[in-house]
């Protein structure tokens, strides 16, 4: 494999304002906010702080965009060449803290694939002609839903942006996107590419700012037809409420999770340990679908725990621009403190701290890879989403028991089962109340495959053909 | 010249008009051999056959003549490339899509070369080859590139306690026999969906027009398709074509050409291994102009509909039914159009019509024109060859045509427009459907009910309303009855 191109760890920040109508604007209030490099705790730069007044006044730019042929719309996606990938990956690492090698090989790769996938759908999302009772000609059109508010998180800034832009633009909508205040930089860079790609002005608008101001303005805006949000369940409630109280805008939500990863005693042990580690620790533990309840069948429990601890201890935490680093810092001080808080709660409630448990450096928001054993379902660390490098291992005896315990959560985003037995795989995967069930793997994503949660993990699905549905209105 | 009436072309309303592309005047033909396993081979027999430029009647070059042994080698290569575990079978769906996009990129890069070759080989005007044929090729490739990772099966709830799901698997080795009227475009119409779904191909291009097919072989190699995925065997129908249709290791055959040969192919398929068959055959397509139509639009669409590509389209509007109230005016305006149609050197930017493809077609068209005169149709203009100009025929219009005349029943495939009169909708529906063909139809009317009635009553695979030849990669195309089996695009 060809080596990863070396990044510039001090990339030029050219874009830090609000992007509306293909132009860059200061905030109406003239306010700015800082974005921080979580590896050092230092301010990278100031970013224009969008608020209600900027979000207002965006009318649906109907004619030129509607006239644009679907095939053409499909051709124009930004980020298709190498130069922008290297730069974007470096910027992502600077703003978010994730290892550069991963930004480049995983995040950017998935971004490009997602955009290409949805580009292909532009001219293929068919309506139907329908035979009715009586002598009528009946057919459906899949029309764009309109102005789509999209509020995206800080854990995969570029990727979450692509997941939202892809289906929205492929189906002909226009977008008002509020990016996370922790990580606005790469989204703004992509805005410059949107302009370069030739999208008409007003089709994509990007507003950096805070949830309580800009985000709230979007969810309660009377001219926004639909809102898509990825973030915490707590904020998800607020968004759905605001949508209901304003204009009944359509809502899709991708929220939190406490995903069970079930390891049966007949699993391939090496592989299961490897994958369970990856399932929890990937992206500094900052994944909505993190396998944060690792249920291990009692026959293999001790060995599994021992090997998992070994693996956690060997995980390389450090400067995210260093190619050897596997784990960077947490995204900000708030998350850092919250995770340390959960760790001490875990200890207090009687879970067995097997490794880690403390900050990993004096500067920045680094936390040691942490493993708790003998975790009980009732403990806080087994019920609440930690969003950090803290692994919970629980013991179970029977399939029936583990299914019940796995489903006993307000969440239902993802789950996994590791087993060699075909019947167990079928039985467990069909019984789990989760939007994605991975069998003998974890965190396998494809632009082609729908992703989303049961219960309080969300409403609706993103990606795949299914992901197009939320962005169209069916006219019959 | 491009898509007619209201089809928005680029979606960029205020784009600056770039200068017209120029053909390459002394283009060397590089690829004249048989393409198997990404390599170029001479024919097993040592034989070659000539390909001619129908404008100048000069030989362009000699091409290796493939026959059964060459087809056998090609099939072997295609079969090996399709084996379980082969690079092509192992490649994931989105990667196949990437390859098709890359092939489209190369067609864009070599667009002038390909358009020049196509014009040399077919006589079609260069600007049409560039803006229509090549445009269609590129868009079709990109359209199917997008489908590659979207060919979805289903999970199905069945009775009782079973897990049931479908997979949409590639068929295997696909034979494709392509015609001479749109050589590259018809090839891409077959290649794109076949490769999108993971099949391998053995292609026999028409003997009259092998050049662009062979050039695309070089691009297939350049893209990096594994060897054996695409194989191209130029040659004749009764030899190479028959070898493909009877081959026991070919899983499916797709043919575009005459209904007569289509029947032979289907028969050969049944007699050999029951290979799946899709056919795109001839047409005698009705173009129905109602009294309330926008007359200018109807005249122009009907004109382009029959004369486009020297009349050599399976979609040719070769029976124009005009409601009696507007009949005289329609004929008058159509004759005006036909008289000013510019026939000449296809490399000249002003030319609208080039030569017919070869002597055989030329003779057949003139014979049908004579039959029209003899059977009592009124010759309004044209009706003969352009003197001393080889294979060029004057745009010809016949009026007072009746349904029993040969020019109203047989596919002419030349620049001849038969115009008939009708009184009522029911009558024209009956007459339009009284044919063994059923490829396309067109209706010109402003009346909503009439449009919908005719659209549902006509036995045609495509019905165009207030437009003609609106063909796009997204929309299925194919015939009812003896115009074919199955749909492309």
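Heads up, the Cβ atoms here are built off N, Cα and C, so glycines get one too.
The range from B:1-21, B:22-42 that TrEMBL describes as region 'Disordered' is residues B:1-21.
Summed and averaged per residue, pLDDT over the domain 'Aldehyde dehydrogenase' (B:40-488) gives 97.
Around residue B:280 (active site), a 10 Å sphere centred on its CB holds 27 further CB atoms from the protein chains shown. For the recorded site, residue B:280 (active site), the DSSP three-state label reads strand.
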